[in-house]
Amino acid sequence: MGFSWIWTKRVEADGTVRSPQQDNPANTNRTCVNFRGLWDEGYVPFISIVIPVRNESATLPSLLQELILQHYPKDRYEIVVADGVSNDGTAVLVKELALTASVQVRLVTNWAIRSGGGRNVGVQTAKGDIIVFIDGHCSIPSRLLLQNTASLMAMTGAQCLSRPQPLVAATSSRFGAVVANVRASWLGHGRDSLIYDMERSGFVDPTTSGASYLRAVFDRVGYYDESFDACEDCDFNLRVKKAGMLAYTDPSLAVNYVPRGSIRGLWKQMVRYGRGRIRLMRKHPDYLSLSQLAPAVLVACAVGLIPALYLPAVVGWIPATVVASFTMLILLCSLQLSLRHGVDHLWRGPLAFVCIYGGLGVGMLLEVASRKQRRVPSLA
């Protein structure tokens, strides 16, 4: 039996073989988009895994080993590590591993340092028909990720694959474990986000979780906007969506992310995300929504509590009501998490929520207040 079986079946982590049509019967007659005969019988698509990194020497070795052990023909995929001028030995580590790896591992330098620059230089040097992005602080729970990536693209006709990206903390980080549970809770992330959804299988909006693409996608919508320090992936996925390209998600594509294990690390990350969210709204005004602005409104109300004391009661009660209401939601959600995951969520949970919403809100307000309006080039 040839290797072409993977283009008609999806392999679950437990070894079960399924067809995407079992999940979506209506898609049985969907015609796959044919890019240069990519899905011709017997052809095995070449996959390039692009990993933008900076100072990831602690987590990158295990990730690379997991990718090297993928059940996919070793001559049909490569790993491209785009290093953002690391100073912790990351580049040396990659070079040493490349000497003995059973698949091609290449190191390229991302002089722009930011993730968007790393993604771009990775794509530009990659040889693949399919480009898969994975961050350096991740782990791969299944050796079938690449098989399922190629299979689902072939069977669904999707040009983009989204994926669940659940947070899985390092065993030594209790705060990181709490952050993972908080982020996955009903209050910890946006209702429209699919990034933690391990049950959805089907065609979706790729904005929050698109991660794998046919190379032709970049020819059509351009590359990543390097003016973004965060949310560059959301910007790219919005352009994919606006171009009318199909995106599909499935639990078999899951990649685990390691959450920040300290208050300082989580706060800095959220501030970056907040600034990126405002830049995204500037570039895509149609992305603006009240739910997206909620963290900024919350922080503004918290800062306005003292000035509100000197305002007429009819106005002054507004920020107090907003802050009090959200505090109650935080306490309620933390209580629910403590019953499921441990009593320490009663105090670590509220702390994580404050870091998440406070950091996002502060970052958004800082970006709004910034006098230096960064030029956001159109790459579409």
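Note that Cβ sites are derived from N, Cα and C of the backbone, with glycine treated the same way.
Positions annotated as domain 'Glycosyltransferase 2-like' by TrEMBL: 48-218. Residues or ranges marked as transmembrane segment by TrEMBL: 287-311, 317-339, 351-370.
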Same-chain residues near the transmembrane segment (287-311), Cβ under 8 Å, at least 6 residues beyond its ends: 190-192, 207, 238, 274, 277, 280-281, 317-320, 322-323, 326, 357-358, 360-362, 364-365, 368
Residues from the same chain, set at least six apart from the ends of the transmembrane segment (317-339), whose C-beta lies under 8 A from its own: 178, 181-182, 185-188, 297-298, 300-302, 304-305, 308, 345-346, 349-350, 353-354, 357
Across the domain 'Glycosyltransferase 2-like' (48-218), average pLDDT on the 0 to 100 scale: 95
